[in-house]
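Can you keep this structure in mind? I'll have questions shortly.
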Amino acid sequence: MSDNRSHIEEKYQWDLTTVFATDELWETEVVELTQAIDNAKGFSGHLLDSSQSLLEITEVELDLSRRLEKVYVYASMKNDQDTTVAKYQEFQAKATALYAKFSETFSFYEPELLQLSESDYQSFLLEMPDLQKYDHFFEKIFANKPHVLSQNEEELLAGASEIFGAAGETFEILDNADMVFPVVKNAKGEEVELTHGNFISLMESSDRTVRKEAYQAMYSTYEQFQHTYAKTLQTNVKSQNFKARVHHYQSARQSALSANFIPEEVYETLIKTVNHHLPLLHRYMKLRQKVLGLDDLKMYDVYTPLSQMDMSFTYDEALKKSEEVLAIFGEAYSERVHRAFTERWIDVHVNKGKRSGAYSGGSYDTNAFMLLNWQDTLDNLYTLVHETGHSLHSTFTRENQPYVYGDYSIFLAEIASTTNENILTETLLKEVKDDKNRFAILNHYLDGFKGTIFRQTQFAEFEHAIHVADQEGQVLTSEYLNNLYAELNEKYYGLTKEDNHFIQYEWARIPHFYYNYYVFQYATGFAAANYLAERIVNGNPEDKEAYLNYLKAGNSDYPLNVIAKAGVDMTSADYLDAAFRVFEERLVELENLVAKGVHND
């Protein structure tokens, strides 16, 4: 059973007192922020009174947004560390409600700004040079003009933001707080409570009985609740489609991608290119079956490492290795990594009620915190360098950009994290000459590629399909979702849905389906990271400098322009094809090692 949080050493818990020293200070800030937002209601109708009013109201909005983010970070992270604590559920609800109030109060901002003509805008810039620093901020709003409604309509929608977000919040509570999974046996024969945190480590077990039991226990539980999960997912899809439609977008995908100025062709190119290369995944599945010595490969066999090498890392060992590997970026990067590792930015271990998975979070005025659910595996070492990549991206951006540009597009976010993963792989393959160790590292890389490019593209294809289906009037019942997911899974892995009954329920446990066209960026990011990591490891100092400049750029330019400066053209399929070339090269090396019998040694 997962430990209670009180049993975990303080050094392995994130230090949220650096955000607010006490809960009482958080509550005081909520009261003051609520009053400040109320006071801002008088701005409505006055944004364009003068260049001075445009500057002042813009800066008040940004200041309140900055304070609100800090309030939300504290509440959400307190809740995430133990989702069963009612007090912090209430804190998160208050923070969410305050966001809705803020959005409603400033719903006048964009409609009023868009009444400004180009000539009047230029006059304002001449009168008030301080407005120049917000030029790109304004430019992005002007680009959105065809999709902004009247002030009353935007105010109405802003007031309903909690309703639109309710499906995702219901999913989180159901999945993290209410779901109870059976007791299963681990490889030692010990009975353990199945959790989100230990599921993957059980699926990585070399004991097929352990894998099968955990797999069936997990998905049979989701089977019991499939209709509830279908309703929450359907409601979320309907919300996204509705918001896109009323804002004059052709689809929810167009709406989501346009927020980051990403053309839909990037998404289509990803799915088309990955589908073209699915034979490589089928080939890897055949190799996996051969190495495992199985007559038939099942979905509960796709996570277990092919290597029997004991590449386990305690958390402290993983910290040391990560610092060694990431030193390649130079002193400035290394110094910030050390701070993250020693100043309690990270919440490390599994505990009862803790949110599953891993993430990097925080706001402009906080540390770039990380949530983990640590298991002593090579995969968790990769998770650590991945989340550190996010946190260092956030740190460099906040240090080098004003608040207005002090964040970055999610399209760019996954590049920073997976570049770190690929640098870890490149470094390990350069260091290791022994066949058995190379086998283990290659296996991990191929599994990571499978999980990041193939799997996330499968998710992206499913996500778009259900949005299109809803647009066309299809009711997203559990039966429909199960069938669609099973067919896609068979296409990707080449393993029949008849022989893998339980996998049809996997869609129910994927939180990213509530994030509105997020998952495709894991795949595009990993592919771009493949290219960047090779340049950083084998290139010249200018390549590293270009990469650090990308980390520092934040939202000061459009995402495709920012990453182009680092050397990647995301409008082309070339970066994807380059990634598949690396995958095939490493697959060939693994096939050759298998032919030599390395896996039997």
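Cβ from N, Cα, C; glycine included.
What Swiss-Prot records for this protein is below:
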- His386, His390, His393: Zn(2+) binding site (BINDING)
- Glu387: active site (ACT_SITE)
Indicate whether His390 (Zn(2+) binding site) is helix, strand or coil by DSSP.
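Assignment for His390 (Zn(2+) binding site) reads helix.
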Report, as a single number, how many Cβ atoms besides its own are within 10 Å of the Cβ of His393 (Zn(2+) binding site).
26
With an 8 Å cut-off on Cβ-Cβ distance and a minimum sequence separation of at least 6, pull the same-chain contacts of His390 (Zn(2+) binding site), or say none.
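The list for His390 (Zn(2+) binding site) reads Tyr359, Ser360, Ala368, Met370, Ala413, Ala416, Ser417, given in order along the sequence.
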For Glu387 (active site) and His393 (Zn(2+) binding site), determine the Cα separation and express it in whole Å.
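That separation, Cα to Cα, works out to 10 Å.
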What count of other C-beta atoms do you get within 10 angstroms of the C-beta of His386 (Zn(2+) binding site), across all chains shown?
25
In the same chain, outside His386, His390, His393, whose C-beta lies within 8 angstroms of the Cβ mean position for the Zn(2+) site?
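Everything else in range on the chain: Ser360, Glu387, Thr388, Gly389, Ser391, Leu392, Ser394, Ala413, Glu414, Ala416, Ser417, Asn420.
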Glu387 (active site) has how many other Cβ neighbours within 10 Å of its own Cβ?
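Excluding its own Cβ, the number within 10 Å is 24.
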